[in-house]
Protein chains: 2
Amino acid sequence: MILSALLTSVGINLALCFLFFTLYSILRKQPGNINVYAPRLVAEEKAQQRGRFNLESLLPTVSWVKKAWQPSEDELLSIVGFDAVVFMRILTFSLKVFSVAGVLGVFILLPINFVGTQLNEDSVDLQNKSLDSFSISNVNDGSNRLWIHFCAAYVFTGVVCYLLYYEYNYISSKRIAYFYSSRPQPHQFTILVRAIPIPSGSTCSETVESFFIENHPSTYLSHSVVRRTSKLQGLISDAEKLYRRLAQLKLKNHTSQRFGRDGFLGIFGHKVDLLDHYEKKLEDVEHNVRLEQASLAGKEVSAAFVSFKSQLGAAVALHIQQGINPTEWITERAPEPHDVHWPFFSSSYLKRWICTLLVFAACAALTILFLIPVVIVQSLTNLEQLETWFPFLEGILSLTVVSQVITGYLPSLILSTFLSFVPPIMIIFSSMQGYISHSQIEKSACIKVLWFTIWNIFFANVLSGTALYQVSVFLEPQKIPSVLAEAVPAQASFFIAYVVTSGWTSLSSSELFRSIPLLCNFFKRVFSGKDDDEFEVPSIPYHRDIPKIIFFGLLGITYFFLSPLILPFLLVYYCMGYIIYRNQLLNVYAPKYEAGGRFWPIVHDSTIFSLVLMHIIAIGIFGLKKLPLASSLIIPLPILTLLFHEYCQKRFLPIFKAYPNECLVKKDKEDLNDPTITEFYEKLAIAYKDPALSMQYPRSTDGHNSPLLHSA
Amino acid sequence: MILSALLTSVGINLALCFLFFTLYSILRKQPGNINVYAPRLVAEEKAQQRGRFNLESLLPTVSWVKKAWQPSEDELLSIVGFDAVVFMRILTFSLKVFSVAGVLGVFILLPINFVGTQLNEDSVDLQNKSLDSFSISNVNDGSNRLWIHFCAAYVFTGVVCYLLYYEYNYISSKRIAYFYSSRPQPHQFTILVRAIPIPSGSTCSETVESFFIENHPSTYLSHSVVRRTSKLQGLISDAEKLYRRLAQLKLKNHTSQRFGRDGFLGIFGHKVDLLDHYEKKLEDVEHNVRLEQASLAGKEVSAAFVSFKSQLGAAVALHIQQGINPTEWITERAPEPHDVHWPFFSSSYLKRWICTLLVFAACAALTILFLIPVVIVQSLTNLEQLETWFPFLEGILSLTVVSQVITGYLPSLILSTFLSFVPPIMIIFSSMQGYISHSQIEKSACIKVLWFTIWNIFFANVLSGTALYQVSVFLEPQKIPSVLAEAVPAQASFFIAYVVTSGWTSLSSSELFRSIPLLCNFFKRVFSGKDDDEFEVPSIPYHRDIPKIIFFGLLGITYFFLSPLILPFLLVYYCMGYIIYRNQLLNVYAPKYEAGGRFWPIVHDSTIFSLVLMHIIAIGIFGLKKLPLASSLIIPLPILTLLFHEYCQKRFLPIFKAYPNECLVKKDKEDLNDPTITEFYEKLAIAYKDPALSMQYPRSTDGHNSPLLHSA
C-alpha cells in the first residue's frame, strides 16, 4: 500500500468520526433519544426531561466530553462499580504503554527506518512512497543502526513489564479494598454444591441439611435445592406479557380498540373482544403455572445452594473436599443471585466434560469458516491477483480513487463486520459449557473471542499474506521466527488501516453513536407510536470490547519496532476510547453483576503473549537482517519475560481467585458488629430460592405492578 | 539369543537362588546373625536368644516360609503399618495381573506364535531355536491368527483396568479406615508455615503468635519457630560419640586399656590416659554446644510449625490462602516430628525453584552418563560386533559356554550392578530439591528412579539394540509406533535374562540373604571383637524396591502379547517377592514414618503408562504385520485407557492428597471425647521443638543413658 492509499482510508474514517461525533452531540439532546443515550440515568431517574424543542439543542457541543472527563476514579468506582474501573484501567494502561512506545517509535525508530536505503524506492515523491519505507525493512542489512532497534526492544519490554507489575499490584490492592468496603452480599456467604448423593428414602433437601449440620455445625445457615424451572419460567414470562397487554388495554378505555382478531399478528382470525380474549388466555397460562409449580416441588436436581453464617465458613466448605468420594459433594463458588444462569446446567461431571469437548470442536469449525472472509480481504489488498481472477474489473480498478478505497478501506470494513458476529456466537458456546452464571459465561467468552481474534485476524492475515495459510509452520518450531519475521512487516499497512476502520470508526459509530439501538428506538417510536417506558438498561459487553482493546495492544506491541507508523493511530484510538467509554459508563451502561476485576489477569496474560511474540519476531528479523549476534542476544528477553510472568502469576493471581483468610476473618468480624446482620441472614436464607417457584395467586389486575412479581 | 543361552542363564540364576535360600535358612539360625536377619525382632525384644550351637541349626529348613505366609492383612497392618501393607498389595496386584496374563499368554498366544513360519528357522532342534520363534515376529504376515493377539490386547487391558480400579478403591477405603483408627498424632494437627513477613522490631515468634491468634482464634494452639541447627546437631553427635566411648572405658575398668595414643586412629601421638583425654574433649564439645545453643536462640528462620486444637483447624489453615500476599505465609502439611529433615531447607521460593532446575539438569547428566554401561551391555549381546572390535577375543568367544555366559548372564548382571547405584544418588538429588521430610524425599526419589529405570533400561536398550540411541524418533511422533514395534520384540530375550538375573537372583541375594549387611556384621564381629548392641533397625527402601517391581510390571505388560515367554519368569519373580518381602517386613524392617499409602498412585500411573505403551507398540506391530485394520481398531484402546485414568484421578487421587472434611470432623469429635486429649495437647505443643535446642546441662556420666538425650 502506498502512503496516499493510507491517507484516503484515514481521511474517510476521520470524516466518519467527525460526522458521528457531531450527530451524537446533537441527537443526545433530543428528548426522544434519551432512552438510547442515557438509559442508565433514566433508570436512576436522574435525567431531566428537557423542553420539547429549542434551537440550541440542534447545535453540536462538546460539553459531554468535559462531563465524562471530570469524575475521579473513586467517584467512578462508587457510580459504575469495580469491573468498570478495571476496564478503564485497561485503557489507561494501554495509553501509558503506547505513549512510551510512541515517543520511542516516532522520534527514534521511524527516522532511522526512513533514512535507510534497503528497499531502493525509485519514487522521491512522498505521496507515492510505499509504507514499507517507514518500516524496519528499509534499514540496510547488517547496518549497525539495527542495534538501536535492539535496545528499543529491551527498553520497551522493561517499561511494559514495569507497568504490568504496577497495574497488577494496584488492581489487586483495590480488589481487596473494594472487598473490605462492600456490604455483606449473599454470594459471599454461599456455595453451590452439586453431585449430592441422595440415599434412597430421603430427599435432596434432607440430605443437604443433615450433611452440613453434621460437618459445619457452627457455620451452616440454610440451603435451597436447585430445580429445573426453565419450562415454568417460560410460562411465567408468557403470563407477564399477557398481563402487560391487558393492563394497557384497560388504560386505553377505548372500546373501539378493544376488538381485534385473535389470529396471526392480530390480522387474521375471528373478531373478538380482546379484553376477554386475553383474560381467558391469562387464566389458562396461570393455571399451567400453578400446575408446573406443584409438580416442580418434587423435581429436584441433586444440587443446592448452601449458605453459611460467615464468609470464612463458606470458604472452608469451598476449599476443603467435603465428602469421602471426591466426585460427590462438589463445591463451587455461588454467583450473585440475579447472576445465576444455567441453560445447560448439569450436575454430572461427564456431561459437562463432553460439552466442553463439543464447544472446542465448534470453535475450531468457526475458525475454519472464518477463513472465507479472511481470504476475500487478502485478495482485495492484492489487487493484481483480483484482476487476474476477474479481468472485467480491470477498467474500474485502474481508477486511483476506487483502487485506494478498495485496498485501504474495504478490507478492514469487511473483516470488522464479520468479526462483530463472533462475540454473540462465543457467548452461546460458553453458555453451553455449563457455567453457572452470566459473569462466568462472559469471562469465558471474552477469552474465546480474544484468541479467536488473535488467530483469525493476526495470524491468518499475516500468514495468508505470503502464502495462503501456512499453518504447517507451527509443526516446525525452529522455523517460526523467520517465517513471522518475513510475513509480519509486510502486513503493517493493512493493520494500520484496520486500526483506523475497526478502531476509530466503529468506536464512534457503534459505541458512542449507538447506531443500532438508535435505529431500533426510532422505528419503535414511528411504528408503534408509543413511548414504551419498559426498556432494559444495557450492561457493557466486556466480552466484545476487552478483546478488541487487547488486540490493538497486541498490534501495537508487535509492530512497535517493525513499523512504528502504527503507534500514533493507536494512541488516537486509546484517547478516543478513554473519553467515549467513560461517557458511556456514566450515561449508558449499568453494571449487572460484579466480577471483582477478574478481567485483569486476561489482559496481563495476553500482554505477556504479545511481548513474547514481539521477541520471537525480533529473533527472526535480526536473523534476516544479517545481524546474528543481535538475534541471539534477544533470546534472554523472552525467557526473562516469562519468568516475570511466572512470578506475577504466583504473586497476584491467587488474590483474584479467592479472598485470603486474613481478609475473610477481618470482614466477618466487621459483619458481626453490623446491626443489620440478622436482617441480612433472613434475606440470605431466601436469596437463592427460585423466584419462579414462589409466585403467589390469586392475581389482581388492578394495581400497576404485575402481581407475578410479588414473591412470597 | 538361542534357547540354550537362555537356559544357561536361567540355570545359573536358579542355582544361585537355591544357594542363597539354603544359606539363609542356615545362617538365620546362627545367634551371631540375629542383628542381620531379625533386627526388628531384636529391637522389639521378641527374638529368643538360642543356645550357642546345635547340629539342627546347620540344617536348611523352610519354616520361615510358613511363618511369613501366615499373618493376615489386618495382622500385617497392625505389625508393619499401612505403607507396608500397600507395598504388599502392589505385589499381590502384580501377581493377579500376571496370572491372567500368564494363562492368556502361555496357553493361547505362545502356541500360535510357535506354529508360525514367518522366520523360516532352519533348525528343527528345539535347543538351537532362536527365542524369536516364540514371539509374535514368527506369526505370518497378514495372518488372521493375529486377530487373537488383537483380542488378547483388549481383554488384557480390560482386566488390568478392572484390577486397577478395584485396588485403588480398596486402598483408598483402607486409607480412610486407617485414618479413623489411628490415635491422634502431632503431624495431623500441625502445619509448616514459611515466608513469614516479620515486621521490624518484632520477632518471628511474636509475629506468628499474633497472626494466628487473630485469624484462627478458636483453633490455634501453639507454634515453634524453625532454627538452623545443623552445626549444633553435628556438635551434639560428636558429644554423643565421646560420651559413649567414655562409658565403655569406665565399664571395662581395666587400667591397661585406659591408656592409648591421642593421634590418628589411636596409633600415633603421645600416650595419654584416655579417660582424662576424652573427658577433656567432651567438656570442650559441650561448651561449644552451650555457646551454639545460646547463639541459635536468636538465629530464627522465617518459618514455623503451627499446631492447632483440631485437625479441621489445621486443614483450614492449610487449604485457604493465609496472607493477602500469596508469596507470604505459605502453608504446607507438617511431616511427623521425627520425619523432619531439611538439609536444603529454604524459606525462599526462588532458591527452591533454582534447586529444582539444577536437580533436573543433574538427572539429565546422570541419564547420559548411564549410557556407557548400556552400550557395553548391548555390545555384549551382539557378539559379532565385539569380535570385530577385539579380534583377539575370537578364540575365547568361540567356546559355547563362554559365549552363552556372556550373552545370557553378563549383560544383565552389569546393568543391575550399575542400577543399584541409582537409588542412593536419586535420594541425594531429591533432598536437594528442598523437601522437608524423609518420606517426601523418598517418594520423590521413587518417582525419579522409576523414570530413570524405564528410560535407561527399557528405552535405551530397546532403541540401542537396532541403531544406537535413536532419540530423534521422539521428535517425529508419527514414527514412534513402527520404530518401537520393530525394536521392542528384538529385545525380548535380553529382558527375560534381565528378569532372571536382576529379579530372581538379586531378590534372593540382596533382599533375603542381605549379603552386604551380613558381611559388615561379620567383619565387625571379627575385627572389633565385640557384639555391638547399638544397631539401627533398617526401614524398607521403597524408592529402590517399588520402581523395580513396577519396571518388571512394565516389561510384562509390554511383552505380554509380543513375547509371552517372559510371563512365567515374571510370575516366579512375583511369587518369590511375595514371600521374601513378607518375611523381611516381619523380621527385618521397621516402619520409620507413615506415608499413608501415598505410593499407590505412582503404581497406578505407571501401570496406565505401560498399558498405553503396549497399545502404541500394538499399533506398530499390526502395521508391520500387514493387518492395517487391526492397527486402526487398536487406536480406541489407548484413548479409553486414558479416559479411565482420568476418571480414576478424579475419583481417588484427592483422597491420597488430603483427608476430606467429613473424615476430619468425625475424627475431631472422637478425639475430643478421648480422655487423653489434654495430655496430647501438651505433647503437641513441644513435639516440633528442635531436640538439639533443649539438651540440658550439667551432664552426669554415671547413668547408663546419655544425659544428652534427656530433653527439657
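Glycine is no exception: its Cβ is also placed from the backbone N, Cα and C atoms.
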Range annotated as transmembrane segment in TrEMBL, from A:294-315, A:602-623: A:602-623
The transmembrane segment (A:602-623) touching the transmembrane segment (A:6-27) per 3+ Cβ pairs under 8 Å rule: no
Mean of pLDDT values spanning the coiled coil (A:232-295): 70
Residues of the parent chain within Cβ reach of the transmembrane segment (A:549-581), under 8 Å, 6 or more residues beyond its termini: 10, 17, 65, 68-69, 87-88, 90-92, 94-95, 97-99, 101-102, 104-106, 109-110, 113, 131, 134-136, 149, 152-153, 156, 160, 450, 453-454, 457-458, 488-489, 492, 495-496, 498-500, 503-504, 507-508, 511-512, 602-603, 606-607, 609-611, 613-614, 617-618, 621
Spatial neighbours of the transmembrane segment (A:146-165) far in sequence, C-beta under 8 Å, 6+ residues away: 93, 96-97, 100-101, 104-105, 108-109, 112, 136, 139, 557, 560-561, 604, 607-608, 611, 614-615, 618, 622, 625, 627, 630, 633-634, 637, 641, 644, 648
Contact between the transmembrane segment (A:396-429) and the transmembrane segment (A:602-623) (at least 3 Cβ pairs under 8 Å, separation 6+): no
